[in-house]
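Chemist: Can you keep this structure in mind? I'll have questions shortly.
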């Protein structure tokens, strides 16, 4: 072999080996960058800007992935059988197939009927004639507390109502049924009803409902159903506008007992709907937590600002155990209706045998401020919490069941609201009805600041358990013959042409069970 040949061999070797190796490394790097675009969070390009990191607050349990085994056919059959079993007018809360459900079921015939979920603001009315004469149908009304069943929303969309299922899925009737539930949107015109034409255990396919048959009032969504499925309400403002919804802030803690060294306070950020508060109460029951004081309203904006909870004052004798005096709730956790909460843990300071210091720790007073990040100078809510050892927490106070109150038929309610709303020069409007119901001038002035004073006073009449005959008499004595005529026309349309009678706290209309608001 010549010297020239022997000198070329190393360079040839480098070309043969180096080029494939370099190509493989370059290909691997390209694949890595490509995967970053499709799998956000797994890796990051070196030149990408760092994303802001929020304070280290543990994610709530609802954010953790759940691996649930696929249900078998017998399990699915047993699930729906239990869900549609008549509950004898009771509202049942139960964990079924990894879902926390609140439901009621009954049988209805040609006379119709009504299903109500207690303390949630949810009802389903099956009108007379919706079922063929001689047949009986089992129907169910379900509040779904499984947050994974809610629609997948963008940052511009907010969840403002519960997810409600009417069953059996796909059931249809001769006449439309009326589903009613509460929402917390500040502008009803920005809220839209959604439906998922799927069963409760299937993957959901949420789509907006059209306007016909859907009516969204100031705090209520009413849908005329041609068939049964899943329903909810979503808030989305037009471009250039800001969407807002009402929150209720609820504080919970366990009893403060002698010798207890620590106390945890939890603040829930909930949609301002009855069922959201019931969820928090149910969530606290296993831990012995009870609500402290009334809920406070909060004007929450969809401007993508996180919610801050800042500790401002702790009474003497107690100290904050947490590393920080402020907590942060991600905006979308609230905007998408995930019912998040944040907590502070407090510890008694050592008394050192000082009776005066020990007496100070028998009571704890806490003040907190909550606001959206960056908006502290514009809007802050102040939360005050107080607990003491002297309170009787050992035995829960007896729960007095409020008396049943009649609810005016929706179409009549709206007609009377429209007639009574305009202010009359003589005061012969909703204000006169308020006076007849015993309200003083100060309360009437307060009602005048409401979005619909007429609706508020009609709801008060419902809570006083008044009958249609009593309302007809009041309108006649007020010389509001237009309202009296509207009531009389409704009574004349009732079966057999006879007026409704009040019986046992419900409207008895010859077999038609109208809605009862608890």
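These residue numbers are counts, starting from 1, taken along the chain as shown.
Cβ coordinates come from backbone N, Cα and C, glycine included.
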Chemist: Among 152-179, 208-235, 404-431, 432-459, where does Swiss-Prot put the label region 'Peptidase S68'?
Modeler: 208-235
Chemist: By DSSP, how many residues in the domain 'ZU5' (102-237) are helix, how many strand, and how many coil?
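Modeler: The counts are 6 helix, 72 strand, 58 coil.
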Chemist: How many helix, strand and coil residues does the domain 'Death' (415-494) contain under DSSP?
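Modeler: Once the DSSP states are binned, the domain 'Death' (415-494) shows 54 helix, 0 strand, 26 coil.
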Chemist: Tally every other Cβ atom lying within 10 Å of the Cβ atom of residue 227 (active site).
Modeler: 15
